[in-house]
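**Q** Let me begin by handing over the structure; questions about it come next.
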Amino acid sequence: MPLGRLSQWLLLAPALALLSALFLVPIVWFIAGSLASLGGASEIWGETQRTLGSTAIVKTILNTNVIALTVTLFALLLGYPMSFALSRLKGAAFTLVLVCIVLPYFTSIIVRTYAWMVLLGRRGIVNDMLLSLGLIDQPLALLYNRTGVIIGMTYVLLPYMVLTLYAAMKAVDMRLLQAAEGMGARPFEVFRRVFLPLTMHGVLAGCLIVFILAIGYFITPALMGGPSDMMMAMLIEREIELSQNWPAAALMTIVLLAITLALYSIYSRFNDQSGAEGF
Amino acid sequence: MGGFSIRKAVLGAIVVLLCAVMLAPIVIVAVVSFSGDAYLKFPPELYSLEWYERFLGNARWTMALWNSVLVAAITCICSTALAFLAAYGMIRGNMPFRRVITALLLMPLIVPHVVTAVALYFLSARFGMIGVRPWIALAHSVIALPVVLIILQSALKTVDVNLERAAMICGCNRFGVFHRVVLPLTAPAIISSLLFAFLTSFDELVISLFLAGIRAETLPVRMWNSLMLQVEPTIAAVSTLLIVVTSTALLAEWALRRRTA
């Protein structure tokens, strides 16, 4: 039944209350409270300059962006053919490919990360196999460095890319491709001039969503990375757990939130234009 | 794209390879968890249930399992109930700022979990809420709410308002309409929501890590703490358990949708 003005708000109230009490208020309180503990505006400004000007933090912010960008590119490269296949397959083959994407997607992140640690360790399964095949003489360093972080994060975030691209590719009318082919376009041209432009908004949406998730990532880089692979989320955790430096953590949070929300607003803007609904 | 069959074969090979890589880590961990070797080898030379025995024989691990189940159970009920009310209010209502409210409710998906976790830790430490399991469940509900809201909104959109009107004319009161028309029609979506909210909480690590303390370690937190020390095979057994829970939930959801479709 259509609802009255009061009852619709009453129905919404519990969810909004939960969101305010355990999400909005804590975030604002944490940032404001941590900064206020420094004293007045000049002290806060001084601390901001000290924190965001320090080489370690600038390096971390740079690192985070480089890692997130690399992961996004790999996810796109691997995700594009996979979503293409998914959008064209039917029946059992479709279900099989879908399971290969959805099962990892819903498996706990710590389980997936652990699995890659087992695979990539010095005496891990990948090194074992390569050694016994005679392809290498010495175990490769695949874990606790940048390689490990990139492999682990790409694996964890790939399903987001595939599912976003799949939605865009599924909407492409195959007759357009046939028409292009019928008019003499070579397969590569069909792809470059018809299919790619038609799926471009999916590519952008997928890249944005993977980048947004990658930039705030914590678990995988913390477990699979080395000392030089510090990311922003890890730094925030470390400032609190190790040094109890709340103001520095708050400042890093502001930077992370600003980047995330800016990218998300771009994402939701052009996602609206393409007619997609909701998230 | 029509094309030559060679092109199709190459694409097919790439996709098969990628699918294998996607599944391999999960399958290998499950196999390795039954290993009887001293360190993790694939394929194992000996098979045993040693790591499962160690897992179930260790009070800290079983406590973590119980904590996880309890927190996930509270989360799935709490988030589904709140999301259902909110979704119904938004679908049947006619409120201003609807887009803003939707964006707000989806925020916890976008904001990095570390930020949510740190902010909650800041608050919880002040009020002595570290290690309180219902509190962790409420925090997980914030994360689960957007996921569940999307499922329930799309389900409620398919319920015809006229059915509710008809029930009212036939003498149902508002509660009766809810209980006899809306709930039965959206029952499959409600069960999906419960399952996905359960999974969201059961697998959540970052927020639990900050809020659990030592008293309320959940399984992922226990895994994290133990991984920080060494890659021990007991974790393979726990991982396999989590994989089984995930697959069972997904399978149940799929079977349910098939039956109602």
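In case you wondered, yes, glycine gets a Cβ from its N, Cα and C as well.
Keep in mind that this is a model prediction, so the values were computed, not measured.
The domain 'ABC transmembrane type-1' annotation in TrEMBL covers B:65-253. What TrEMBL records for B:9-34, B:64-88, B:100-123, B:135-156, B:177-199, B:234-256 is transmembrane segment.
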**Q** With the transmembrane segment (B:234-256) as the reference, which stretch in B:9-34, B:64-88, B:135-156 has the largest tally of C-beta pairs below 8 Å?
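**A** Between the candidates B:9-34, B:64-88, B:135-156, the best contact partner of the transmembrane segment (B:234-256) is B:9-34.
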**Q** Take the transmembrane segment (B:64-88) and find every residue of the same chain, 6 or more past its ends, with a Cβ under 8 Å from one of its Cβ atoms.
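**A** Here the qualifying positions are 105, 133-134, 136-138, 140-141, 144-145, 148-149, 152-153, 156, 182, 186, 190, 193-195, 197-202, 208, 212, 216-222, 241.
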**Q** Six or more residues beyond either end and a Cβ under 8 Å away: which residues meet both conditions relative to the transmembrane segment (B:9-34)?
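**A** Counting only partners 6 or more residues beyond its ends, the transmembrane segment (B:9-34) has Cβ contacts under 8 Å with 40-44, 47-49, 51-52, 233, 236-237, 239-240, 243.
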